[in-house]
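Scroll down for the structure; my scribbles are underneath it.
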Amino acid sequence: MPPPPSVRSLHSWWSDSNSIGATFDLHAVAKPLIRLLYHRQARNFIKENAAIPLSDANADIFLSYLAFKYTSSRTKSMVLRHLSERVASEKDAQMLKSNIVQSNLLVELLNSPDEETRYGACLIIDQLALHNLPALEIQGINPRQRSLKERLALKKQPAWKKTRAEKTRSDAIHRAILEDSKRYRKEAKVLVLGLSESGKSTIVRQMKIVHDGGCDERERAEYRTTIYKNVLDSVGTLARIVRKVGIRSLPENVWEHTAVLLAAFPASDGDDAESNAETEMESVESGSWITAMDSVVVDVDPVLWITAIDSVDVGIDPTPFTDADRKAETEAKSVESDGWITAFDSVDEGVNPVPLPQTHSVLTPALVDAVWHIWRSLAVERVADEHLTEFYLMEYFFSSIYRIAEPNYIPNEKDILHARTETNAIRQTRFVMPSLSIHLFDVTGQRFERKKWIQCFQSATSIIFCAALSDYDQVLKEDRRLNRMRESLILFESVINSRWFLRTSVILFLTKIDLFKKKLPRIPLKRYFPEYTGGSDLNKAAKYILWEFMQKNRARLSVYSFLAQEKDMKTVRLIFGAVKDTINRNALKDSGIL
Ligand SMILES: Nc1nc2c(ncn2[C@@H]2O[C@H](COP(=O)(O)OP(=O)(O)OP(=O)(O)O)[C@@H](O)[C@H]2O)c(=O)[nH]1
Ligand SMILES: [Mg+2]
């Protein structure tokens with residue numbers, strides 16, 4: 001820790017005590033020594049505080065290393081880098097801003113003659129901007145508009161005038177340092193595992209949004225196709241639910257809407273056994289809604305179904321697909337089926353390369369009304385609680401169905417996070433940061449696809465394991481006899497105790513907490529996990545499920561567990577933090593310290 005400034009300097013102490021005879025300037029020796037000692041001290045302080053959250057007390061000490069004139073620029077840049085990696089929440093960012101920005105320290109650091117220090121200061125600015133605290137507004141520079149390099153160039157101030165020879169030499173050294181830092185940048189391989197629909201790709205998408213600063217309108221528009229398909233799938237499922245529960249279990253005022261829905265989505269062969277709704281329709285005497293059935297077939301405008309792809313067969317002529325559309329779609333598919341290596345970086349999930357016309361919707365107004373009213377009545381009357389567990393319904397899109405059905409609909413970021421595309425190849429996404437580069441491998445969660453996971457098991461730094469909390473009452477699509485949460489626990493157990501992962505840490509994400517919160521009061525957790533005794537308390541229930549997972553950790557791997565929130569800035573920080581921690585731990589293990 002830096003001493004208080006009132007302490008007498010080494011030089012004056014020596015001179016005072018040797019007033020007679022020769023004295024020499026100890027500063028020449030002492031200053032580099034002091035710098036070295038402070039550097040070590042700062043490094044140790046960083047290590048000791050790695051697991052302690054940022055507080056006023058430790059931030060104060062970190063900042064003293066930045067403000068103190070006897071700390072070297074190497075120490076300053078180390079502290080700045082560390083602080084930039086420590087900002088995990090808005091609270092951290094706020095605290096850093098109030099200490100570092102408002103004391104004008106950041107401006108001083110940005111004006112430092114040392115490039116590494118200026119770079120470190122830019123990293124802090126980036127973090128503050130990520131948490132919507134644009135520190136550089138003070139400087140009149142919008143950090144989102146300028147790259148780090150540009151900002152460095154802007155702030156470049158020669159401390160002294162260099163001769164041409166000096167400049168050439170300094171440029172060569174600088175290039176060498178940059179090359180070295182690239183070479184020694186840590187690379188981490190992170191696998192995202194879990195059952196299908198457990199939220200793996202959503203987390204990757206969430207990281208992309210947070211890391212890359214969101215999507216522009218064009219990128220968002222590209223998700224329309226996926227969302228329309230999700231809506232059609234779910235409306236089809238809604239029709240199946242209505243067939244299963246029977247019209248009589250729904251309130252009378254939605255019967256008319258039911259007719260519209262069932263006519264637009266006629267029963268397929270597989271639904272015959274379940275279907276009793278149509279028979280009921282004929283026996284119910286109230287005539288008003290029966291007449292609606294005749295008109296409904298022409299109510300669906302075939303042109304509106306341009307994006308009804310493959311699996312949704314609503315008995316509507318698919319001619320609106322043009323040859324060009326078909327060609328583009330086939331090309332997109334062939335890239336994916338090329339295998340996982342060629343799929344790297346080249347295919348972005350959920351993005352359809354076909355440019356979309358501006359004014360298309362997928363549902364007619366009558367169908368939109370029908371979906372809204374039937375879904376609301378199912379939710380309000382709770383008639384389908386028992387049956388909903390058997391179906392996969394994307395209720396989020398129903399709650400926004402009027403907005404989605406509007407012409408010129410452009411998905412927002414929340415829509416993008418809810419968009420569902422099954423991952424059908426192993427996909428790699430790379431996140432590059434100054435000192436760490438993460439290669440994230442997103443896989444398919446379906447049972448029969450899991451054998452392919454092994455391709456990317458070797459030397460994984462961390463695993464992100466996703467498990468949906470709301471799965472506790474659901475069954476597997478692949479085998480309807482199996483409960484999804486039980487299956488997820490079995491899968492977790494086999495992953496965490498595998499010989500492949502002795503040096504791997506596990507980041508356990510419990511996802512879909514919003515659905516869990518809604519479901520818990522209606523469907524008791526105890527029904528599926530009889531040992532649970534906490535009732536419908538969200539905290540107790542989530543903790544219980546976490547406990548179930550932790551019981552499986554026989555190999556005693558480091559497990560970092562989190563409740564994943566929608567578009568949570570923290571997610572990215574948490575993942576990066578856990579990955580770095582694992583790299584450091586493994587390095588300590590290798591050196592015999594741990
Ligand atoms: N409500 C809610 N929905 C979520 C959450 N996380 C994911 N989802 C939705 O769950 C669905 C499945 O998510 P994905 O990320 O595609 O699941 P996956 O694990 O990648 O599935 P596969 O690729 O088939 O293995 C998507 O519609 C997501 O929008 C969440 O926290 N809350
Ligand atoms: Mg996926």
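Cβ from N, Cα, C; glycine included.
Just so you know, TrEMBL annotations never went through curation; they're auto-generated.
Feature annotations, courtesy of TrEMBL:
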BINDING   197-202, 417-423, 442-446  GTP binding site
BINDING   SER201, THR423  Mg(2+) binding site
Exercise for review: Using DSSP reduced to three states, classify LYS200 (GTP binding site) as helix, strand or coil.
Suggested key: helix
Review point. Under a threshold of 6 Å between Cβ and any atom of ligand 2, which of the binding-site residues GLU197, LEU417, ARG420 are retained?
Key: none
Check your understanding: Using a 10 Å radius around each Cβ and counting other Cβ atoms from all shown chains, which of the binding-site residues SER201, THR423, THR444 yields the largest count?
Key -> SER201
Practice item. State the three-class DSSP label for THR444 (GTP binding site), counting H, G and I as helix, E and B as strand, and everything else as coil. Key: coil
**Study point:** Whole-number Å value for how far SER201 (Mg(2+) binding site) lies from THR444 (GTP binding site) (Cα to Cα)
**Key:** 9
Check your understanding: Across all chains shown, how many C-beta atoms besides its own are within 10 angstroms of the C-beta of LYS200 (GTP binding site)?
Key -> 27
Exercise for review: Would you mind pulling the DSSP three-state label for LEU417 (GTP binding site)?
Suggested key: helix
Review point. Near GLU197 (GTP binding site), how many other Cβ atoms are within 10 Å of its Cβ?
Key: 22
Exercise for review: Measuring Cα to Cα, tell me the gap between THR423 (GTP binding site) and SER201 (Mg(2+) binding site) in whole angstrom.
Suggested key: 8
